[in-house]
Amino acid sequence: MLRRLRENGPVLLVPAAWTLATVGHAGLVETRTVFIAHLVMDAVLIAFAALSWSEMAEGTLRVWRTVLVAGLGVTLLGTVGFLLSPPNSALLGATVLGWMLLPAVGLWLTGRDVPVGEAPRVYTAGAVLSLLGMVVYLPAFLGFLSLDVMLVGLTLANLGQTAGIANAVYQY
């Protein structure tokens, strides 16, 4: 059962995390709720890495192991950001931007490396959407554009990364 959860869980966890980030930015949930979700994400990333480490030693999975480890570091930055009083928006923004960039790189490399029969364009399109989300999000985060634009950036990253992980689970 644990193996099936590791194989299929990300297809639920990725869009759930982005959706929570989006509603958090929109002010629809309390900061404490997002902080608790961050702690859960820290634990899930550690557990997933520990349980899957040896299986992710080669090829495309090695790329994703690197994304996972770097993503844990980025997530821990966000956790620290939440612990500061008031929460440190620079650390929280770095977490969001990191999670837009890291999977985009993983998706791009996956799209480059998988055979045509495994729908590489889904990964490439997911990478482009995630990077586009980052490009849209950053100026809004810095205050140059509206909250609505920021939410569009988050949604683009969500769509791109969800497409990539859904394809990965389907292909597996």
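Every residue, even glycine, has its Cβ placed from backbone N, Cα and C.
As annotated by TrEMBL, transmembrane segment applies to 36-54 (among others).
The transmembrane segment annotation in TrEMBL covers 66-84 (among others).
Summarising the annotation, TrEMBL assigns transmembrane segment to 90-110 (among others). Within the chain, the transmembrane segment (90-110) has long-range Cβ neighbours (under 8 A, six or more residues past its boundaries) at 17, 21, 60, 63-64, 66-67, 70-71, 74-75, 77-78, 80-82, 84, 120, 123-124, 126-128, 130-131, 133-134, 137-138, 141, 153-154, 157, 160-161, 164, 168.
Through the fold, the transmembrane segment (122-144) approaches residues 93, 96-97, 100-101, 103-108, 110-112, 114, 150, 152-164, 167-168 of its own chain, all at least 6 residues removed from its boundaries and within a Cβ separation under 8 Å. The annotation transmembrane segment is assigned in TrEMBL to 122-144 (among others).
What TrEMBL lists as transmembrane segment is 150-170 (among others).
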Exercise for review: State the non-local partners of the transmembrane segment (36-54) in its own chain: residues 6+ outside its ends, Cβ under 8 Å from one of its Cβ atoms.
Suggested key: 2, 6, 13, 17, 20, 65, 68-69, 71-72, 75-76, 78-79, 82
